[in-house]
Amino acid sequence: MSQPGMKLDSSLDKVPLFTVGWQLSQLPTEAKCLRRESKEPAMNPFQKNESKETLFSPVSTEEVPPRPPSLPKKPPPKICGSNYPLSIAFIVVNEFCERFSYYGMKAVLTLYFLYFLHWNADTSTSVYHAFSSLCYFTPILGATIADSWLGRFKTIVYLSLVYVLGHVIKSLGALPILGGQMVHTVLSLIGLSLIALGTGGIKPCVAAFGGDQFEEKHAEERSRYFSVFYLAINAGSLISTFITPMLRGDVQCFGEDCYALAFGVPGLLMVIALVVFLMGSKIYRKPPPEGNIATQVVKCIRFAISNRFKNRSGDLPKQQHWLDWAAEKYPKQLIMDVKALTRILFLYIPLPMFWALLDQQGSRWTLQATRMNGNLVLNPFLVLIFIPLFDLVIYRLISKCGIKFSSLRKMAVGMILACLAFAVAAVVEIKINEMAPPQPGPQEIFLQVLNLADDEVKVTVLGDENNSLLVESIKSFQKMPHYSKLHLKTKSQDFHFNLKYHNLSVYTKHSVEERNWYSLIIRESGKSISSMMVKDAENKPQTSHKAGTTAVRFVNTLHKEVNISLGADISLSVGEDYGVSAYRTVQRGEYPAMRCQTKDKDFSLNLGLLDFGAAYLFVIANRTNQGPQAWKMEDIPANKMSVAWQLPQYALVTAGEVMFSVTGLEFSYSQAPSSMKSVLQAAWLLTVAVGNIIVLVVAQFGGLVQWAEFILFSCLLLVVCLIFSVMGYYYVPLKPEDIQGPADKQIPHTQGNMINLETKKTRL
């Protein structure tokens with residue numbers, strides 16, 4: 001072996017340049033190379049089947065002091081000796097606080113629009129859904145910033161500051177002393193816009209950043225992390241939806257409900273979320289951004305398509321993939337990443353249909369509950385139970401049975417469970433319709449008679465030929481036991497009524513229209529009687545679109561107008577001398593002492609129990625020396641079907657959500673190229689927004705009865721599930737070694753003028 005410092009053997013000149021030139025080009029100019037001398041005799045350098053091993057050893061012309069060996073990189077701290085990095089604890093707590101902040105604010109947002117800004121129901125609903133949709137479109141912006149410019153850590157921090165600022169402005173907009181309605185409206189819209197940018201912008205980054213903390217060899221632990229992450233989302237949602245409405249209703253500020261506090265507490269939770277996230281800054285793994293990757297992806301796809309159509313000649317060799325046509329301009333790694341991206345986005349195409357069903361828990365299923373007896377908040381509870389149940393029990397049992405339960409199979413089973421849930425919802429809807437009061441059809445009305453006179457009245461309804469259509473004798477302060485159906489000859493018609501009271505016979509005429517409910521109210525008029533026709537609620541009261549409500553209206557027999565307070569946000573006025581109020585919706589419960597007021601007197605009314613789904617008529621009368629009292633009648637009976645019948649459909653759809661959503665989060669991360677993980681998380685969230693659009697389209701243009709609409713959604717998702725299963729069958733999962741991380745792209749580190757070279761076997 002040659003010694004360091006010797007000159008290069010002159011026999012090196014005989015080595016062909018093309019065999020060693022590439023190695024020489026990598027050496028420093030001052031380095032000398034030594035060749036191991038062969039003990040074999042000289043031979044023709046181009047002789048076949050012979051080889052010589054040439055070793056290049058770099059030598060520095062300067063004396064270099066010995067360097068201490070580099071210490072191995074310290075592994076990140078783990079949780080209790082497990083493979084879970086400690087950093088995910090800060091991320092999960094951050095997510096819990098952020099979701100508490102978001103859902104807590106949304107829990108009182110509609111009430112704020114209605115009772116503080118005094119918007120009507122249509123405007124409030126439109127702004128509410130516009131805000132919700134915006135929160136699912138802004139993730140694309142946040143993901144692009146994270147992957148292309150700031151990185152996930154800085155994006156979360158900066159957009160969390162925007163998030164906090166939005167909460168501050170929103171809380172200021174709820175202070176009654178700060179300007180008028182216009183100021184409150186402007187501040188509210190600015191605050192909501194900033195909140196939508198903040199929550200949507202960090203949403204894809206937080207989930208992906210948590211996945212970044214795991215090494216690829218700990219993929220199983222990473223999968224469970226996404227389950228815990230989803231658990232934190234639902235825990236924050238569940239707790240906040242109970243607490244913030246209590247802060248609004250139970251705490252008074254400036255003489256009314258304290259919306260400023262109800263918005264301020266979620267804002268404080270967002271500050272806590274940001275502080276907790278920053279506490280783990282020193283132990284996070286922070287992958288750097290990879291440049292303007294979104295622009296590169298778009299340009300790469302555009303160039304591949306244009307190049308493919310420019311070179312349609314049969315003389316050119318065919319490419320294995322259409323993106324390979326971009327190889328002449330873009331690096332191979334980028335093309336591989338774009339291939340992975342497009343394959344996953346192709347799988348995402350059927351996914352919005354699942355969200356179209358899942359998100360109806362807050363709309364169609366809630367309306368279904370308004371027609372039942374009870375009120376449930378099931379989904380967040382069931383999610384908290386099902387996530388550990390599936391992770392620790394069900395998935396392990398399936399694995400022990402030898403069944404390979406891949407991510408795509410879990411998602412497909414989740415779709416099937418959602419299909420079954422909507423089939424069950426359709427059965428429940430049919431059962432509710434069977435128990436509900438009958439509805440008037442074409443050229444039909446339902447009529448009841450209410451006698452407020454001081455003695456019995458005999459009522460006869462006469463037809464066009466003076467034939468009797470209905471005859472009833474009704475005692476004082478009584479009504480007919482039920483509505484009677486009357487048939488019309490046209491869409492609208494006049495009915496004649498004969499009222500016999502004592503020795504008097506009074507004739508009167510009233511106009512009615514088809515498909516309506518009416519009450520004929522008979523009242524005293526001096527020594528005689530008169531009547532008035534009032535249109536009743538056409539169906540179960542659903543004006544508030546919330547479960548657990550009931551409707552009331554009042555008839556005032558007093559000679560003075562009465563103002564009635566039904567709660568902190570609900571009050572109404574009833575005109576004097578048999579004035580009739582409109583229906584007002586209130587929460588189910590006991591109402592023992594409702595405060596009432598006339599010009600010169602205050603009194604209270606005992607309304608008793610107002611049950612689920614019923615519609616009540618209260619007659620305010622002063623018939624005793626105990627002061628005005630309320631006579632209670634039930635226009636529409638209370639719901640008889642228990643809301644517990646919804647439990648099976650909630651259990652099925654929640655199990656489907658756990659299998660679909662939690663698995664989809666982890667799948668989106670594990671299959672994404674390292675440079676596009678936030679973008680794919682944003683694309684996953686975008687499918688939620690598209691699912692809501694599907695619901696709006698079907699609801700607006702479907703024109704189906706509710707049970708048929710449930711069946712339609714169930715069948716559509718079943719078809720989509722079959723398509724997704726076929727797509728998943730042909731999908732080849734991306735292996736961890738196929739995903740090039742940031743570390744794989746780094747250039748080997750050199751120290752001074754020394755460089756390590758692997759021993760190469762050069763065939764001579």
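Every residue gets a Cβ built from N, Cα and C, even glycine.
Automatic, uncurated: that is what TrEMBL annotation is.
The feature region 'Disordered' is assigned by TrEMBL to 38-74.
Taken from TrEMBL, the feature transmembrane segment covers 100-121 (among others).
According to TrEMBL, the transmembrane segment annotation covers 127-146 (among others).
Long-range contacts of the transmembrane segment (158-179) within the same chain: residues 98, 101, 105, 112, 116, 142, 145, 150, 185-188, 190-199, 201-202, 205, 254, 256, 259-260, 262-264, 266-267, 270-271, 273-274, 277, each at least 6 residues beyond the stretch ends and with a Cβ under 8 Å from a Cβ of the stretch. Positions annotated as transmembrane segment by TrEMBL: 158-179 (among others).
Annotated transmembrane segment per TrEMBL: 185-206 (among others), in sequence order.
Sequence-distant neighbours of the transmembrane segment (227-247) (same chain, 6+ residues past either end, Cβ-Cβ under 8 Å): 88, 91-93, 95-105, 107-108, 207, 210, 258, 261-262, 265-266, 269, 377, 379-381, 383-384, 387-388, 390-391, 658, 661-662, 665. Among the features that TrEMBL reports, transmembrane segment is placed at 227-247 (among others).
Taken from TrEMBL, the feature transmembrane segment covers 259-279 (among others). The list of residues near the transmembrane segment (259-279) in space but at least 6 beyond its ends in sequence, with Cβ under 8 angstroms from a Cβ of it, reads 90-91, 93-98, 100-102, 104-105, 108, 111-112, 116, 156-157, 160-161, 163-164, 167-168, 170-172, 174-175, 240, 243-245, 247-248, 251, 253.
Residues annotated as transmembrane segment in TrEMBL: 340-358 (among others).
Residues annotated as transmembrane segment in TrEMBL: 378-398 (among others).
The transmembrane segment annotation in TrEMBL covers 410-428 (among others).
The annotation transmembrane segment is assigned in TrEMBL to 682-703 (among others). Beyond the transmembrane segment (682-703), the same-chain residues lying 6 or more positions past its ends with a Cβ under 8 Å from any Cβ of the stretch are 129, 132-133, 136-137, 139-140, 142-144, 200, 203-204, 344-345, 348, 351-360, 363, 664-665, 668, 709, 712-713.
For 710-732 (among others), the entry in TrEMBL reads transmembrane segment.
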Is the transmembrane segment (127-146) close to the transmembrane segment (410-428), in the sense of at least 3 CB pairs under 8 angstroms with a sequence gap of 6 or more?
no
Where else in the chain does the transmembrane segment (100-121) make close Cβ contacts, counting only residues six or more beyond its ends and a cut-off under 8 Å?
127-128, 131-132, 135, 163, 167, 170, 174, 181, 184-185, 188, 195, 199, 236-237, 239-241, 243-245, 248, 257, 259, 262-263, 265-267, 269-270, 273, 543, 569
Below 8 angstroms Cβ to Cβ, which residues of this chain, lying six or more residues outside the transmembrane segment (340-358), approach it?
297, 301, 323, 408, 414-415, 418-419, 421-422, 653, 656-657, 660-661, 664, 668, 671-673, 676, 679-680, 683-684, 687-688, 690-695, 698, 713-714, 716-717, 720-721, 723-724, 727-728, 731, 734, 738-739
For the transmembrane segment (127-146), what are the same-chain contacts with Cβ under 8 Å, counting residues 6+ beyond its ends?
102, 106, 109-110, 113, 119, 152, 155-156, 159, 192-193, 195-197, 199-205, 208, 289, 294, 678-679, 681-683, 685-686, 688-689, 692
